[in-house]
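Quick notes on the structure that follows.
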Amino acid sequence: MKETMSQFICSALVYKLFVFVELMQNIYFVMHPILQFELDIVFVQYFRQVIQYSQLTYILDAMDQNQSIILLYTAFGLQITLLFLIGLGVNFVKQKKKITTITSYSFKAISFYALILNSFLHVCFINIFFVFLICYPDSQYSYGVECYSGVYILHTVMAAIGLLLYFLIQYYFSTFYIDLKPFSDVPFAQPQNRYDYVKILFKCAILLFIIIDYKAENPYTYIIFILFLYFILLMFRIYEPQHFQLDIYNYLIACDVIQFSLAFCYTLHKFLDDGAPDTVGFYFILAAIPFIYYCAIQVSHKKNHYFQVKGIKKLGDPNQHEQLFNQLIYIIDRRDNLQNYLLLEGILVQHMETCQNTNCQCQYLSESKSKELDDLIWYKFIIQMIDLSIVKFPKSCKLHLLQSYIQNKKLNNKFKCYYSLQHIKSLETSLKEEFQSYRDLHTLEEIMQEEDQKAEIIIDVLQVVKFQKYYGQFQNLLEESVKRHYEFWCELQENNPDIQKLFTLGSQITQSVEDVKELYDKLIEINPNHINTLRIFGQFQNEVINADNLGLRILEKATQIENAQLAYSNETQTEKYGENSNTCIMTCSAETKSLGLIQSCNKEIEKLGYHKYELINQFITRLMPKCYADNHDKFMLKYLETNESKIVGRERTVYCQHKNGSIVPCLLMFKILPQLKKGLRMVNFFKILENYDSHYYILFNPTTFLIYGLSQNCQDSFGIPVNFAYGNNAHSNDFNMEILILDFNHLVEKLKISQENILTAFPLQLDTTKLQKQFIMEDSVDRLSLMDEGEINNNNNNLLNQNGTTENLKSSVKKESLFKVYKISCTVEKQIYTDLEVAILKFTEATAFQEASKSGNYYQSEIKLKSKQSKYSSSATKKKADQQINEDYLNEDRSSVNSVQSSLNDDMRRLKDFKALMSEKKVPRNIRTIQITMLSLTLILLTVSIVDLVLKGIQNTSFKYSSQILSDSYSITNQMSTITLHSRILEMIGTGEYNNSNGFAPQFLREDLITRLKIVQQLQFNTLKVNNDLQKSDVDVPTQYQYNFTSLLIDNSFKDTQLALIDSIREALSHLVIMIGTDLKNFKINDYITPAQQSFFYINYNGLRNIRLGLVERLDQIYTFFQDLISSKFGTFLALMIISIIILIITHAIVIPILLKVDRANNKVLSMFGLIPPIEIKELSDKCEKFLKDYIEDFNEKKELENRINNKNQEDNKKQQQQQDKHYIEMNNEEHIDEKQKEQIEKQKELQRIEDEEKERLRLEKQEEDKRKKQEEENKQKRYLRHKKKKKHKYNIQEIELTEDERTRIEKLERSNEKNDSSALIKFMLFFILFTGFFVTQLVLEVIYLNNVNFLFEHLKLSHQRYYIMMYRVVYGVEDIIQQKSINIDNVWMQQTYHTLIYDAERDVFESYKSFPLTGFDSYKQYYDWFNFNDMCSNITLMSPMDITVTEQGCRQVQNGILEKGLRTSVINLALYSNDSLKISGNNTKQTIINGNTFQIINDIVKYIRPAFNTLNEVYITDSHDYINYSQSIEVVKFIVLIIAWIILFFIIWMPYLTKLSIQIWQTKGMLNMIPMSIIQKNEKLKFRFLQDNIMTMVQ
């Protein structure tokens, strides 16, 4: 952490430079162009031009929209990059990796970004984001952009996300990129304050004001707003806690003063001087800056002086206390300055006047003369003052943080610093304080680690503790693994084993063996020479998992290391305190609340008589004599308080207390563990001194001579009870050296003469007779009576039986009294502590009394030796007998073995290769095949789905284009029909035939024709564009037909020209332009043919014939083309569905047989265990049990504890039963049986039960032995028959015959996973059904969709054709009147034809509407109902009348309100009225019809019907496009759902399933590897299964 944080440090100069740039930004806000006044000084003009580049506001003004977008996404990209770098940094700190080049530059980039972000980058980022969030169409930032629509929405969203990320990163830096240490070198280090947050808010407010008031309409409000904000910032700067570096603080105040002064002077200039620009304002600025700066500094000094005068007792806020202490620290560090010195003296005097603490540091300060000592005392004085403040504000984190800084930096007390930081965790902290304490803790830990590496005795205690942790886990895992092996073999011995349990245990065994191996690798990585680890793991390989070769190699390595350590006497510190050194390693808590609490220890603690579980969560004082225990916490607390110790990290001799109360001399060294994650801990290394029992030890007080402790051999040799020592019993205070030492005065004189250790031996007399008399002990005690009862019971049972009882054994030893006077030779060692002084009398016996002891020991050794010889003789005899049996068996088959030796060698090689193959952990071949198949299936079906989505996208695009083309084509036809009619009316006005004053005016007709001309031109252009787009999409657009078009020449002749339809329309429009622009008189000239007459002829003649015909045929051609296009789509999607289903079938045909094969292989492998003989299984289980007893620490203790619990439960049950029996007897008034008689009856029953069980056991053993012999005889006979045939050694199915038992067990094991087979098959079939159903459903939905689109085009045709049919009915009716003849084309009367078509069109569109199946056409249906079945005039505002004025009143006046009955009725009425009125008969002449009401009524009806048709068609096209877009979005959603389903299926279901299957195979292989090679070699059936029964192929 310390190395990481060092990357963030920047220099004060760089920081000041960034603050200066920020100042320029703030000054620019004062001189912003929004203010319409300036100072009349050239310097100010240039300065303003320079500082405008310090932020983005001016740059954005000068940029176009595209450049602004680039800037937006650049800012957004910076946020994302910083998030990545922050994530990289957090991960780096979390994993505690070393600083690399990449991480170093990453941290520096973050540091640089944090600095500029907290200085001048605020304005840049907030400005660019606000510009796109707040959009005004006429703003210079958004000019030419449609706000909040189209792609601008994307920019707005990106700006909003970018702004959110900016505030998050800003909060991150303002929270974590801090330094609250008053001694920090970081220039921006300061106490917590609110200035930065206020500054960001104010800058946001200023930028918002500028963007909202982009027209600069409120300059007065703006300058007052700026002045107010800058004044608040200056006040916050003065009254908030100041920076720790005074020069930085003064510089920041100067910057705030400058920006406020400028704002103040500009405000005065604005309100007081309304004249022309001058230089007055500049002089205001020059005068204001120094004055305001002086005032600000004085206010700051007054604030500091206020805190100093008040003192900590009168200040009522912890923030004020913090500021006061920071000021004191600053003054103390600079007290060489006279002013600071006097100030400190004044504060000291003020404090001493009210101080009542006699131990206060102020007393020492008044006497101190040394500057270095003076520094320490001053900071101790501040610590005392902080303690007083903490008493007043116990929940203030700031004060605890400040205390930790002083303790670590100035007083060099890391433990007090740690305790302060730890205490913060229990308080309610802000995020800043919590992170600061977290960072300081990690930095403290790193400093402690560095100091630990510089210690005199270099021991990596972290690695030692880590090794202990892993070693405990290693033993636990070993125990679990061996227990599972044991359970597995025991279950396999059952007549009906639980197959599921076997399989579960086998899987657990394989995994546990792998876990043990991983933990073993970790241990070896830490300590590759740890003998116990190597020995235990080697035996585990040999005895449990039967990996003989690996186990032997590991055991050989352990032996070599042990021999090397014995040969190398000069051990290093690491070896001395390592795990191989028989050193007790104990970890204890160093927390104040649990000081000395034992957290962990190793097995070596048993040498002191304790089991390690007895000491866990006990205090370490339990291992000390009471004199040490009473003072231990005091010693440790003093060390933790002062961080001064003469014993930490150094070796020293201590005297531990054995569990029996005796003292044991040990070599102790302890260190503080430099790892604070689990609290402060200390690691103790102690080992018993070698040959310590060659001396006697008495621990006593050199002043009072009270005995604190004795070694065990003092009791064994002299009869001095160890429990008489101080603190062991009630006699403790009376038991002193005067009782034991005959010449006590001589000892006292020796101690008075020498104040140091007495290393020269001097004689004393040890008298134990007083002990006997004073404490009333037995008169005569023999040494054998002092022997441990368990030691006696461990002697040979036969010898004890010969001697009778233990008493007989004791009687063979000569009795000798222990209580007498002994001559001893002794030395004295003193240990002096602060409040404790002890002396150790170390002595040896000066007489030859030890000979008797030796004879007793020799007698015991002789007994043990004879016992061992007897056991060895018995085992050797048994072994010799077994060897004889084996030799006889080998001699019998020696000739046959020689004949097949070469074959057996080959088999052995194959078996070894096979065992190696089983040990490999790799993905099986079939699993890889399934994975590849499933991945291929996924990719192929994903490709098919993408192709399907793309094709549907192309299809829907073509459908939209098609509907648009069809609609535009109908619109062209509609417009051309209206142009034909209006051009005729314009011609009649020119010739004078039409002169109705209430009818059409020439100007109106010209404007209407111009409008329709533009519409047709645009529609023509759109049609050509869509045709080109369809052609680019490889869609075959129907070709256009050629037609003959007639033109009128100047000589009044006609000319036919063959043109395409689009060319003829273009020609007609050209003639229409001529008509519109010509004088109406040109239509009346009869002398020659005018251009106007030629143009009219072309439009009218061809418009009634080939243009109309071409347009109608073109409509039919396009409609038919799109119908065929829809039909062709079905075949494409049908082919895709068939391909998908075929791929699914092929995949399942590959995968399902493989899965079944894999399951069969698993079952086959599991069945191999059915061929292992029960005797061999019993041996394997016995090996596991033996391993647990021999090599697993605490196993026997745990078992004994379980037995004790079980026995206790049994006794409780027995007592409860006795109580019930007694109660029963009393209830029935039966005679109470004597307790002794009852016990005797119970014993007889128990003996009878044991005898019966023994008989049953012997019977079963005899039965088993007979069965075994019979089986051996059968095997011998079979071998004899095989060898007699003299065939080549070869295994085949006829030679290997299975017994009925073996066949049953194998079949049961092979049928164990039949359910798994069916479940896997069901899963794959379900998978096939689901996806096949999905693809079929896709096709069905596509068919439905194509039918809907077909209906969409059909209804479009029926809806759009109503317009032109109505218009051509009117056109042909008018032409019949004007030409005074029926217009027949191809012998068809056109007026009558279109009259009939009107009825057909209205009927067809109504029937189509009634059966309308499409959803999403609500708007169209609503409009259709409004126009066709309701009052048209009420909905006149919904129509699209082009440039024609339509009103509701005029609508209701047409033909007595016919339009009020609806559009459909109006169209039918128009047909009927035209049919009745447009006839020349009687008074209805050509002139009366054209200039009368008849023609006017028809025109009025058409005038209101046309907008209704246009509106309906537009709404229908809009709804059609929405329907197609919605369908496309549904396809996208289906595709996303399919992708999610594939991801879930492939990555969440199938890949884990295959991984699980692969692990299952690996575990099954591991189970197969459990069968030892020795059993395979001996068992012909197993060997056959391994070599010839396809097991190897299955495993592969």
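A Cβ is built for glycine as well, from the same backbone N, Cα and C atoms used for every other residue.
Nobody curates TrEMBL annotations by hand; they come from automatic prediction.
Features as listed in TrEMBL:
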TRANSMEM  12-31  transmembrane segment
TRANSMEM  70-93  transmembrane segment
TRANSMEM  105-132  transmembrane segment
TRANSMEM  152-174  transmembrane segment
TRANSMEM  220-239  transmembrane segment
TRANSMEM  251-269  transmembrane segment
TRANSMEM  281-300  transmembrane segment
DOMAIN    450-564  domain 'TmcB/TmcC TPR repeats'
TRANSMEM  932-951  transmembrane segment
TRANSMEM  1133-1156  transmembrane segment
COMPBIAS  1261-1277  compositional bias 'Basic and acidic residues'
REGION    1261-1288  region 'Disordered'
COMPBIAS  1278-1288  compositional bias 'Basic residues'
TRANSMEM  1320-1341  transmembrane segment
TRANSMEM  1535-1555  transmembrane segment
Spell out yes or no: are there three or more C-beta pairs under 8 angstroms between the transmembrane segment (12-31) and the transmembrane segment (251-269), with each pair 6 or more apart in sequence?
yes
I'm a bit unsure how to read this: which one of 105-132, 220-239, 1320-1341 has the highest number of Cβ pairs shorter than 8 Å with the transmembrane segment (1535-1555)?
1320-1341
DSSP-derived helix, strand and coil totals, residue by residue, for the domain 'TmcB/TmcC TPR repeats' (450-564):
96 helix, 0 strand, 19 coil
Counting Cβ pairs under 8 Å that sit 6 or more residues apart, are there three or more between the transmembrane segment (220-239) and the transmembrane segment (152-174)?
no
Integer mean pLDDT for the domain 'TmcB/TmcC TPR repeats' (450-564):
81
